[in-house]
Amino acid sequence: MVNLAVDLNGLSLKNPVMTASGTFGFGEEYEDFINIDDLGGIVVKGTTLHHREGNPYPRMAETPSGMLNAVGLQNKGVDYFISDIYPRIKHYNTGIFVNVSGSAIEDYVATAEKINELDNIPGIELNISCPNVKEGGMAFGVHCPSAVAVTEAVRKVYKKHLMVKLSPNVTDVTEIAKAVEGAGADSLSLINTLLGMAINAEKRKPSLSTITGGLSGPCVKPVALRMVWQVYNAVKVPIVGMGGIMNANDAIEFMLAGARAIQIGTANFIDPQVTIKVIDGIKDYMHRHDINDVNDLVGGLITE
Amino acid sequence: MVNLAVDLNGLSLKNPVMTASGTFGFGEEYEDFINIDDLGGIVVKGTTLHHREGNPYPRMAETPSGMLNAVGLQNKGVDYFISDIYPRIKHYNTGIFVNVSGSAIEDYVATAEKINELDNIPGIELNISCPNVKEGGMAFGVHCPSAVAVTEAVRKVYKKHLMVKLSPNVTDVTEIAKAVEGAGADSLSLINTLLGMAINAEKRKPSLSTITGGLSGPCVKPVALRMVWQVYNAVKVPIVGMGGIMNANDAIEFMLAGARAIQIGTANFIDPQVTIKVIDGIKDYMHRHDINDVNDLVGGLITE
Amino acid sequence: MHDLSQGVYMSKQQILLCNYTMSKKVELLTVTKNRRINDEYVIIHAASQDKLPSIYPGQFVDIKVENGPNTFLRRPISIHEVNESKNEIILLIQEVGEGSRLIAKLSEGDSIDMIYPLGNSFTIPAKGSKALLVGGGVGVAPMLILGRILKDNGVEPFFLLGARNNKILMELDNYEKIAEVAVTTEDGSQGIKGFVTDHPLMNEDLNQMNIVYTCGPDPMMRAVAAKAKNKDIKCEVSLENLMACGIGACLCCVVDTKEGHKCTCTEGPVFDIKDLKEW
Amino acid sequence: MHDLSQGVYMSKQQILLCNYTMSKKVELLTVTKNRRINDEYVIIHAASQDKLPSIYPGQFVDIKVENGPNTFLRRPISIHEVNESKNEIILLIQEVGEGSRLIAKLSEGDSIDMIYPLGNSFTIPAKGSKALLVGGGVGVAPMLILGRILKDNGVEPFFLLGARNNKILMELDNYEKIAEVAVTTEDGSQGIKGFVTDHPLMNEDLNQMNIVYTCGPDPMMRAVAAKAKNKDIKCEVSLENLMACGIGACLCCVVDTKEGHKCTCTEGPVFDIKDLKEW
Ligand SMILES: Cc1cc2nc3c(=O)[nH]c(=O)nc-3n(C[C@H](O)[C@H](O)[C@H](O)COP(=O)(O)OP(=O)(O)OC[C@H]3O[C@@H](n4cnc5c(N)ncnc54)[C@H](O)[C@@H]3O)c2cc1C
Ligand SMILES: Cc1cc2nc3c(=O)[nH]c(=O)nc-3n(C[C@H](O)[C@H](O)[C@H](O)COP(=O)(O)OP(=O)(O)OC[C@H]3O[C@@H](n4cnc5c(N)ncnc54)[C@H](O)[C@@H]3O)c2cc1C
Ligand SMILES: Cc1cc2nc3c(=O)[nH]c(=O)nc-3n(C[C@H](O)[C@H](O)[C@H](O)COP(=O)(O)O)c2cc1C
Ligand SMILES: Cc1cc2nc3c(=O)[nH]c(=O)nc-3n(C[C@H](O)[C@H](O)[C@H](O)COP(=O)(O)O)c2cc1C
Ligand code: FES
Ligand code: FES
């Protein structure tokens, strides 16, 4: 029997395969396809203090090996999450993380405080990297002082696992990673979407209502892998890697580059059962390579 | 008859289609496939003051809708270019640009000074954004002070068209663009490659000898388009757009986003005649949309 | 035969409820037939190994196109008809780009990867009602199954189908088996010349109808909706918003309703125009 | 028939010169035959509309694989043989990944997009010389055309072909028409059990040879090269470096030579081991 369990700074996941925020709803949307309890963890939709309608339609554009989205954090607010959604999903036997977003530090803090009270939510993922809303998120995540300020403020009120999600839209991701680690993050997840744009040449118009949006899918994988590798070599806290993971092979690449767990996002849209296939594929790889503990893969890249 | 000629700050190109440095050799490699004189311009291989062997093999990895390269500016140095290559290509009836790279400001300056003497080279493209050599290039391009310093220094000795090539590996490309414009650039070209990485999971090794390399091809197009659009809205000098252009439609998207000319890179590897097809496709688009002057496309995105 | 008719309109709530409890699946079906009907359209039959789940008119499937370098996401396609005895789902495909062209190329024996059944359903009015089904272009797709189920439930359907010209008009036999079929073509090559909204069914005769259903290009649906609204006749439209997931997970496919953004893939694709903003 | 033999080895310079003046083209050829020879290999014939240009042994084509979501770049494939009367290029394809699998699926009448002919050539020794052609796995591909041209030029070729087992060994008829064929298999299912370097031709009998050519997996070529070097016999290897452009424009495919980095696609794929570093 191989060991698939990983430890995220004290928080144990039954396996390293999680789902990425905004791509997996609240888990319920995938119940017809897989058993949610088989997953290492799920990160639910970006949640803000107040209800948000998100951006106008169109919010999506297909791109070569990927897609742009400009959902803009549509959600009904944290109170609705607590009263209506949490009761429906708290029975999942998997690590449930809430992705917390905001446009002001106080909002992040107030949201995190409320989620801190929920027994069956072992952690939050602090989204300081959403490129799709003017005020929200990304502005915090691309400069050290603001990234530190929001992390520290949330750290004060949030007592459980604090994962901070980094933006790839920066000159030096290791700078931000180190700053956020110093500010009290228990783990770092990366990457959020790359800021991109698509144009309909025939109509001479942007494809998204917001002109720019967030790029995800296999097209971003090389950038994501590079950033995971850089951050792995710069910080001590565990890293949760993501960006274009479509299969077990991709997942293993992220682990070799230094990710202790991984998240699968856009791939869920292509194959709603991809997460389970990735778990099986990791086991298969471990058998073939005679690896008994999945933790042995982490950072196992041979660079001489 | 439609007008395809564009003016890059006083330098006229017969059409907006150029080739990107490092992907088109010195033009000669493509003579069997197209008539080089049909192109708006060509940017020849990255040239440095001294001979460089480049990075060890392997230097290439295929990625979803793109590729990574780690050539590392292999070239025989500017003197060899002047003595051996220039005489062979100077008859091309197209705008020949030399892509000038370096690891120290003095190197850039010395190289540019030598090229300034060549009658049939109307411009250089200052490469301050190569991610593939430790000392060279990208470090200059990702911070304003160094980008300004190298641009100013070259501007002093280089009297013809000075195009500066920007790196996409930055938090805010408009900052660098404005700084470089202020330092005397005649035009800006973007984007150079995104820093990425690929791993061979079976071998547990990086796919490139240098671990990380530069990502190009259609996968980067959304990021490139976004940056062209941002820079277009931030500077006055003309912009030369590139990143994943595979066909006329892509080229038009870049022009609508603000590019006055475009460069085609990786696509030459897939179809060595792509440049000519793009020129024809632009003409066709202009006919269908009743546009007589290609300049009318520039920045023509309708955003209400 | 689906007994959807309780003698009253099913409320949106009832429909959502029924969808919520209906389970979706992802499956490799087998193409059993691919018949080209004209330059632009093919009809594809795809058989499931299992008994088909209940399928409601207006629902769709989401297809993973194999081997398309530029078809990263799935392609949503309406369910045109089902053959319950053969466990076949029947699709009407218009070739518009790489994805639909690759689907249209599938031949007997090929696999086709679908998530289904997705989306809500048109509502079925009380027995004895008259219903006008207006389809334009490929928007006729969901009208065939809708017509049949309306008829099965004691409603009298009338088809009104629009096309640019008779070359790309559907074959009408299957519709004619169910109900009267009226046709408009933009060039007058068949039926009445003009748009669907130029047809008497959308004008003088509209008053007879208890409900109007429409699916097709946006401007057509808006014109139909405007006429129905004007006469205060209930009108349901089937929207074709861009989708990434098809199952309510990504929130990409939203439409602006009076209650805020709703997902076209789960809360639609069918909407009553009275619930939509700016319709 | 190519008259390459001037009675002496052609110098690298001469060969480069001849390549430099030879023009390459990109063309859609038509598949005229696809024959599966075993679980791993197929042989594909592709016909040009035009008269084939001169093709030298060791040269390759670069194929654009259609409809592969993960085959962005072209795939370099050696020229296995040519049929000049039919203007056919013949390729031996081993299915290893998505690209080669898609090429192996092409059937009669399909188009195949190639840039060709690419690369330099094996050198042809003086008439009367003896040459050993060592191919392992798919590395036998360029050996067939090389053997024929050697023979046409008055050189006596000997084939030594290695495979894991007889199931994936090539059909030997075409080789046997040209010269004696020796075989090694790792499991001993045919010929001598072991690696090509275990065969007498690579040991006792090697002394008779004036030149050794080899193409196959890197460890095999290195082992062959080491033996040849040891006996001071000229040895040429055909390298399979990763390529992006195939025409000398990108500098991705370099090999470390005593004169610095050289491009495998234009200055190779054939190299004399004495010019290579660490060989
Ligand atoms: C609920 C629903 C039901 C549909 N039913 C049918 C049907 O029964 N038969 C049929 O032929 N088509 C149907 N469509 C439209 C079909 O999904 C698109 O035509 C198809 O996705 C286009 O893919 P492509 O690769 O061929 O074209 P592309 O090259 O991707 O695009 C061609 C055109 O189609 C549009 N398009 C692309 N992707 C989508 C998408 N995901 N949704 C809507 N439009 C898109 C593009 O904007 C473009 O104008 C339906 C769409 C929806 C949302
Ligand atoms: C000069 C030359 C001649 C060749 N001749 C033949 C031949 O005659 N018959 C034949 O079957 N194969 C030949 N090859 C190898 C062939 O190019 C690769 O097997 C093919 O590109 C793999 O593509 P894929 O999509 O099937 O596999 P992938 O899924 O892309 O990769 C499978 C394996 O092939 C390797 N590979 C991928 N791309 C290349 C590439 N561009 N060059 C070399 N290796 C690669 C990968 O590292 C991997 O190990 C030749 C290669 C070169 C450079
Ligand atoms: C439709 C969509 C919505 C997303 N919403 C969120 C979000 O609310 N919060 C967040 O942190 N990331 C969000 N993301 C980013 C993903 O969680 C993930 O970081 C990114 O998509 C890269 O992974 P992938 O390539 O596997 O999708 C969203 C991505 C997509 C495609
Ligand atoms: C193999 C290769 C070599 C390159 N060499 C250079 C170079 O020497 N100098 C430079 O400025 N850019 C170089 N580039 C970057 C391209 O000029 C271009 O900026 C980039 O590839 C994006 O365009 P594309 O997606 O059309 O290829 C190179 C790119 C590739 C793929
Ligand atoms: S398409 Fe994802 S929510 Fe509708
Ligand atoms: S493959 Fe581009 S130079 Fe050889």
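Each position is counted from 1, following the chain as shown.
Glycine too: its Cβ is placed from the backbone N, Cα and C atoms.
Note that TrEMBL annotation is computational and uncurated.
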The substrate site in TrEMBL includes B:ASN69, B:ALA70, B:VAL71, B:GLY72, B:LEU73, B:ASN127, B:ASN192, B:THR193. Which of B:LYS45, B:LYS90, B:LYS221 is also listed there?
B:LYS45
Nearest of the binding-site residues (B:SER21, B:GLY46, B:GLY243) to B:THR193 (substrate binding site), judged by Cα-Cα distance:
B:GLY243
Within 10 Å of the Cβ of B:GLY243 (FMN binding site), how many other Cβ atoms can be counted across all chains shown?
32
Cβ-Cβ under 8 Å from B:GLY46 (FMN binding site), same chain, 6 or more residues apart: which ones?
B:SER21, B:GLY22, B:LEU73, B:ASN75, B:ASN99, B:VAL100, B:SER101, B:ASN127, B:CYS130
Measuring Cα to Cα, how many angstrom lie between B:GLY72 (substrate binding site) and B:ILE191 (FMN binding site)?
17
Spatial neighbours, same chain, of B:ILE191 (FMN binding site) - Cβ under 8 Å, 6+ residues apart:
B:SER129, B:LEU166, B:SER167, B:PRO168, B:VAL220, B:VAL223, B:ALA224, B:MET227, B:VAL228, B:MET242, B:GLY243
Could you give the maximum C-alpha to C-alpha distance in Å for the residues B:SER21, B:LYS45, B:GLY46, B:ASN99, B:ASN127, B:LYS165, B:ILE191, B:GLY217, B:GLY243, B:GLY244, B:GLY265, B:THR266 that bind FMN per the record?
19
What is the interatomic distance between the Cα atoms of B:ALA70 (substrate binding site) and B:GLY265 (FMN binding site), given in whole Å?
15
Can you check which residues sit near B:LYS45 (substrate binding site), meaning Cβ under 8 Å from its Cβ, same chain, 6 or more apart in sequence, and list them in order?
B:SER21, B:GLY22, B:GLY25, B:PHE26, B:ASN75, B:ASN99
Over the residue list B:LYS45, B:ASN69, B:ALA70, B:VAL71, B:GLY72, B:LEU73, B:ASN127, B:ASN192, B:THR193, recorded for substrate, what is the maximum interresidue Cα distance in Å?
16
